[in-house]
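Q: Pasting a structure below so you can have a look.
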Protein chains: 2
Amino acid sequence: MLVGAGLLASQSAYAWDGVVEKQIFEMEEYTTQGGDTIEDLKVGWEAYGTLNEARDNVILITHFFSGTSHAAGRYQEDGDNNGYWDSIIGPGKPLDTDRYYIISSDTLVNLNAHDPNVTTTGPASINPATGEPWGMEFPMVTIRDFVEVQRELLESQDIDQLHAVMGASMGALQAIEWASAYPDKVERLISVIGAGVTDPWLLTKLGTWAAPIRLDANWNEGDYYDDHPPLDGLKEALKLVTIDANHPEWFNETFDRSWAEQNADPARNIDARYALEKTLDELAAARAEQSDANHLLYLVQANQAFVAGHGDSLEQGLAAIDAPTFMLYSEKDLIFTPEGVRRTAELIEADGTQVDIQPLEGNRGHLDGVVSIDQASEQLREFLEQD
Amino acid sequence: MLVGAGLLASQSAYAWDGVVEKQIFEMEEYTTQGGDTIEDLKVGWEAYGTLNEARDNVILITHFFSGTSHAAGRYQEDGDNNGYWDSIIGPGKPLDTDRYYIISSDTLVNLNAHDPNVTTTGPASINPATGEPWGMEFPMVTIRDFVEVQRELLESQDIDQLHAVMGASMGALQAIEWASAYPDKVERLISVIGAGVTDPWLLTKLGTWAAPIRLDANWNEGDYYDDHPPLDGLKEALKLVTIDANHPEWFNETFDRSWAEQNADPARNIDARYALEKTLDELAAARAEQSDANHLLYLVQANQAFVAGHGDSLEQGLAAIDAPTFMLYSEKDLIFTPEGVRRTAELIEADGTQVDIQPLEGNRGHLDGVVSIDQASEQLREFLEQD
């Protein structure tokens, strides 16, 4: 009884209450995979739970294309938890903050460069050499660069081993790259709605996200930081991201054919539109205010370039993975197709590495990896607990 | 023997050899469903086979969004047949030109306004009242207006009955509208990769096709006929049409991750791209030269507005159809989803109208309705022959 009470008290003392302290990791200098130098690199990060003395209870969370490090919790004491994976991260949850130290960082060239809760380094950042924003002079970066900056962040906390690395979509690419590049550091890999390579289909889709920005005259070859940013193009790009990340079923079950304005029939007025178009435009416009157009272009190209291991062969890149792997995906995913996910599983499994693969249900398709992740709660818990 | 030889000789005399004579139908005045007047309306048309004396062997073909009336044959004696449905239209084929008089017309606001083989009336046409191109002053038109102009064309040839009406995609919308608006004239309905209503998903998709044009500064609110047309925006729009009309499988089985330029790695150069992006861009640029941006905007809105019967209720619009109906679709269609096609079939069938529905196989999805139509040859032949 006393022992039990003591344990409970101890757990209670460590219990994470959902308030997140956003922190900043800085490097004087970082050299990209392409050999370019970025001085004064900064990325934001946050953590949930407590690092144990052995420093072996770490789960790294890597974020998706339009995401940030805010995977769980709230920034204000009196706010609501609004992390994207709140349903699985917290005390007693599968990613148990009483047990694990869960850390998440903003990537380089993070899309939400103008969100006050995001810290990132990219084209919108000041180039110390010139005192001006980098713009299109910013060095090219890859998913592997995102991983390398995360590795430096972890090393700054004397963390050398990951109990697990887990990410959705672009986050899955980072998680896969981690497991491929550092098989000795990664003990478990959880890939959600992602795959080992950006296939020709997704290459094409990503290209369509970049196009509206380049069409906007305000983009001005990326040189807009002293003037009007290309918000119209950025808005259209973000709208395409939202549309492509959802399945037709979601649109048909969520929206109807209502007009945006009661007296403006889009069949009778070339400038009239439908309510759902207005809704999607407004959502995209709000996100555009916090986002940076050049960052989106860099993100597109980093994602297009992804092949696990960044070497000559996808097979080798995935064969390098030794960590037991859990893959969650959607049969309705129109970004990372189920065929691509299955092929990735086969290639990781080819040399005997354990791979479990499980579909998520829902009408979102790709986005079910974010909004419906709690369906896999028990399997995630078991996978994280297995030796 | 003699009778047989005579029949063969007779058929041979009538056999259509694939050379198409493009013709123009003109109306002094047409009043749209919205009550606006279009003077000097012109649309191109072509026909394959011979109208019989009873004038009861007519099959009307209605074209898709980016299509023209050129469903079969060749314009030049020494050219190759290049109609989009050559595989099913011709002597002895399911749409047998020895038997049927098959007629096809360019729609109003046809996308390919600058194709010398296309005649259409739309924003790029001269408004007789001003002597200038209509631009955005062109009246709004609907799928029903396309049907009404076709009805006038047929009446000009004393044709009152259709043995069948058949179209793919936007052509299916016209065919469905024909059968709903004129149940006494339409004896058979063949709807290919289409449905009874543009659902919220497709509304959204169509809106994304219009957006790049409006983003292009050269669009200039539709007033560009004296200046540079918005070719960059139009190109991007046409690229989206191509992408959306195909299934991910086609991209992954057709393309790879090659770079567009051997020495320009898109992972290392923000202006470099992949070979498949270059291919899609070049295809779209070539099509943009023949197309008109404002016509695309009008087509988008006509398609968005579609509900069979153009009345208050989809159920009523489809219940009005009495013609035996044959529906071809693809389970991989990302424009008209299989759920929407099945729902359309159910609503047509609800009052006892015969509906046959059959999937097309292939890796194109939506476009299998054009490129893989010959899979349904026998069923089309039987359906056209049934009393």
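For all residues, glycine too, the Cβ spot is worked out from N, Cα and C.
What TrEMBL records for A:Ser169 is active site, nucleophile. Per TrEMBL, the feature active site maps to A:Asp333, A:His366. The domain 'AB hydrolase-1' feature in TrEMBL is assigned to A:137-349.
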Q: Any idea what the model's mean pLDDT is for the domain 'AB hydrolase-1' (A:137-349)?
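A: Value for the domain 'AB hydrolase-1' (A:137-349), mean pLDDT as a whole number: 98.
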Q: Run through the Cβ atoms and count how many others sit within 10 Å of the one on A:His366 (active site).
A: 24
Q: Could you measure between A:Asp333 (active site) and A:His366 (active site) for me? Cα positions, answer in whole angstrom.
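A: Rounded to a whole number, the Cα-Cα distance is 4 Å.
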Q: Provide, as an integer number of angstrom, the distance between the C-alpha atoms of the residue listed as 'active site, nucleophile' and A:His366 (active site).
A: 8
Q: In which DSSP state, out of helix, strand and coil, do we find A:Asp333 (active site)?
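A: Assignment for A:Asp333 (active site) reads coil.
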Q: Other than its own, how many Cβ atoms are within 10 Å of the Cβ belonging to A:Ser169 (active site, nucleophile)?
A: 27
Q: Using DSSP reduced to three states, classify A:Ser169 (active site, nucleophile) as helix, strand or coil.
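A: Coil, per DSSP.
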